[in-house]
């Protein structure tokens with residue numbers, strides 16, 4: 001089958017990430033989509049830079065209108081941003097019958113009604129997973145995953161720059177201006193940070209989520225915006241003393257009187273999962289009448305996480321264009337003729353860290369015996385604590401190990417259990433770091 | 001357009017929830033699906049009970065085979081459970097060209113390969129969002145939302161019974177047997193809890209996630225299972241002293257040697273979000289090469305949360321059967337001719353709680369003045385703390401209020417700022433409880 005041809009408009013951070021993901025995961029993606037998704041054409045002001053990013057097989061132009069007019073382009077990816085040229089390009093692409101994937105939250109929040117009306121008329125898809133919360137598939141969750149629900153409210157940490165600043169202000173007791181300067185140095189904040197720290201960016205994303213949650217038109221102009229630039233380290237500290245964390249929250253809620261649509265710094269009880277989302281990470285808490293509260297967490301920005309959402313949209317559109325309804329989304333995600341028979345590892349071959357609790361019959365020398373056995377099986381120790389006393393029979397040694405193959409752990413445990421100075425069985429639990 | 005006719009097989013807890021959601025949210029669902037989804041027929045051993053649950057418009061039979069043979073049934077929902085009759089029914093339904101929605105994790109983990117092969121051949125959908133983690137749309141996230149990624153690992157708290165028991169063991173220092181008895185009394189654990197507490201249920205769910213994450217056949221027989229029944233309160237306490245929480249984790253990971261597929265109690269650093277998922281709640285941490293770590297949290301069981309997933313699958317299948325590709329998933333989730341123009345509330349009409357920080361020029365009488373103004377505007381106080389001293393000019397009053405309309409809060413703040421005993425502006429931050 002002929003590949004799907006993608007025209008990429010804008011080869012900056014996210015555009016570069018999109019080109020990278022399409023190339024690096026080409027095999028995985030075609031196994032899922034049932035068809036090759038090919039970067040066919042790209043447009044960028046700096047043509048040379050785009051050529052070096054996209055590689056020699058991609059036609060690079062400086063005028064993005066050549067992409068939306070090109071008869072062989074099936075899907076246009078708009079990553080230019082803003083609402084002037086991007087709006088013209090998207091409307092033109094739709095008019096030409098091309099499907100559109102965009103990460104442009106501002107464009108959708110401010111001109112979405114016009115764009116979606118034209119897309120509906122032309123029967124083309126405008127997919128925008130990347131416009132909200134980067135790599136977190138929250139649009140799909142709200143629009144499809146929770147479709148049985150009367151959605152009641154959405155609360156989101158949806159601006160990574162602000163969340164990074166608030167996290168640093170709390171952890172270091174620092175003031176806004178100092179942390180902003182650090183964020184700018186690290187590349188987490190723009191030279192002009194207004195759009196992020198005054199809530200505009202969060203407001204655009206919230207407007208989009210509110211529309212798809214409640215079935216209302218996009219109304220960004222009615223979104224209340226209050227940023228974090230006036231927050232002081234003192235108020236963050238006082239809030240913490242009272243058991244709260246301060247987050248820049250986008251909040252939309254259905255009430256009898258109407259829809260709440262607001263972005264502002266918010267105190268949240270410290271025990272909530274969303275209160276513990278730190279740094280540049282994003283999270284969205286969505287509550288429905290059937291499902292109750294659900295939370296979605298991940299990277300809200302960055303080249304590869306945002307590209308993850310852009311390319312997922314490309315896979316969605318490709319699946320819809322490629323197969324009949326019964327075969328569109330493969331049951332096991334991958335096309336049935338492209339499953340792999342990877343071996344499942346027996347547990348003895350799995351590598352893990354361990355918690356070991358050992359009952360000592362006699363403390364003298366027991367730790368020396370145990371550590372000798374662990375070392376002999378290639379197991380290094382992360383921590384040891386001793387508990388209780390020999391006299392009342394409660395002497396115990398608790399050990400956390402570094403990572404080792406389970407087979408070696410088993411050998412060591414058997415040898416430890418055979419020691420005269422050890423009573424009964426060793427308690428063994430596995431440990432995982434689980435970054436994220 | 002003719003409604004989609006659903007045949008419901010099994011009207012127990014989840015079946016009852018499904019009937020409830022289809023009825024209660026009928027309007028919302030048809031606005032999203034573009035078509036009425038009608039409960040047309042139901043099968044249950046206890047016909048009378050099913051009739052009282054489903055209402056007079058639904059044909060109730062005692063033999064589920066009558067549903068899979070009925071020419072007017074479009075989608076069959078299998079909620080009978082187990083692998084004998086359920087397998088026969090599902091295979092027969094597929095053979096008859098009917099689409100299937102099922103919550104049966106055991107059936108899929110043990111017989112999925114056979115079922116999906118037949119479904120592919122017949123061009124019908126077998127949807128199973130409800131089979132893993134109840135209301136959390138994790139199948140959709142893995143199969144569609146993360147389709148750009150080479151998925152690296154999945155770690156999930158996917159058995160609510162076990163997580164409830166572990167949470168209680170930690171919080172109360174209680175032993176397994178005592179907490180199990182409590183869980184049975186509360187209806188969180190079955191009379192025979194083996195399936196939940198020994199990891200079989202988690203293993204079935206993990207097998208399904210592993211297959212769709214890595215593109216491999218279902219291989220439940222190779223899943224390593226170790227439950228929580230041998231865990232002691234002591235080890236949970238020691239783990240906590242070392243900075244870890246103990247969770248029953250389903251873990252599947254891609255390594256060079258093969259796929260890890262294992263369920264066992266696991267120590268997780270206490271700072272991780274997933275380590276703080278408590279009670280009967282579920283969460284899945286999925287990591288991809290582009291998106292990095294993502295987490296999905298919500299209710300993993302229960303009538304309505306599981307029904308949320310069943311009905312979302314019904315909406316998916318209905319959308320696929322109803323419209324051409326460009327119109328299948330509406331841009332704004334709801335059909336464009338069925339958007340509502342709900343009013344967006346001005347911020348003055350929003351109800352919220354507040355954090356107020358007030359700089360006192362003179363402490364004498366200031367608190368009395370403030371509380372009089374708050375009470376006069378219908379604002380009750382949740383907490384007050386006083387900070388600093390008048391002598392060095394740092395006297396402050398921090399107040400947390402109960403919920404009140406912003407208009408009243410504004411009036412109160414203006415009046416407070418006008419007090420002689422108050423200096424400068426009042427700092428005002430909003431507070432939200434955000435259950436979940």
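One is the number of the first residue shown, and numbering goes on along the chain from there.
Backbone N, Cα and C define each Cβ position, glycine as well.
Here is what TrEMBL records for this protein:
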| type | residues | note |
| --- | --- | --- |
| ACT_SITE | A:205 | active site, proton donor |
| BINDING | A:9, A:10, A:11, A:12, A:13, A:14, A:15, A:16 | NADP(+) binding site |
| BINDING | A:105 | NADPH binding site |
| BINDING | A:190 | L-homoserine binding site |
| DOMAIN | A:355-431 | domain 'ACT' |
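A map of TrEMBL features onto the structure.
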residue	record	DSSP (3 states)
A:9	NADP(+) binding site	strand
A:15	NADP(+) binding site	helix
A:105	NADPH binding site	helix
A:190	L-homoserine binding site	coil
A:205	active site, proton donor	helix
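Least crowded of the binding-site residues (A:10, A:12, A:15, A:16), judged by neighbouring Cβ atoms within 10 Å of its own Cβ: A:12. Report note: the NADP(+) site is defined by A:9, A:10, A:11, A:12, A:13, A:14, A:15, A:16, and the residues of the same chain whose CB lies within 8 Å of the CB centroid of those residues, excluding them, are A:8, A:17, A:18, A:44, A:79. Helix, strand and coil content of the domain 'ACT' (A:355-431), in residues and according to DSSP, is 23 helix, 31 strand, 23 coil. Rounded to a whole value, the Cα-Cα separation of residue A:13 (NADP(+) binding site) and residue A:190 (L-homoserine binding site) is 13 Å. Each residue contributes its Cα atom, and for residue A:11 (NADP(+) binding site) and the residue listed as 'active site, proton donor' these two points are 22 Å apart. Calculated from their C-alpha atoms, the gap between the residue listed as 'active site, proton donor' and residue A:12 (NADP(+) binding site) amounts to 21 Å. Looking at the domain 'ACT' (A:355-431) alone, the prediction's average pLDDT is 92. Cβ environment of residue A:9 (NADP(+) binding site): A:15, A:42, A:43, A:64, A:67, A:68, A:76, A:77, A:78, A:79, A:80, A:89 lie under 8 Å away, each six or more residues apart in the same chain.
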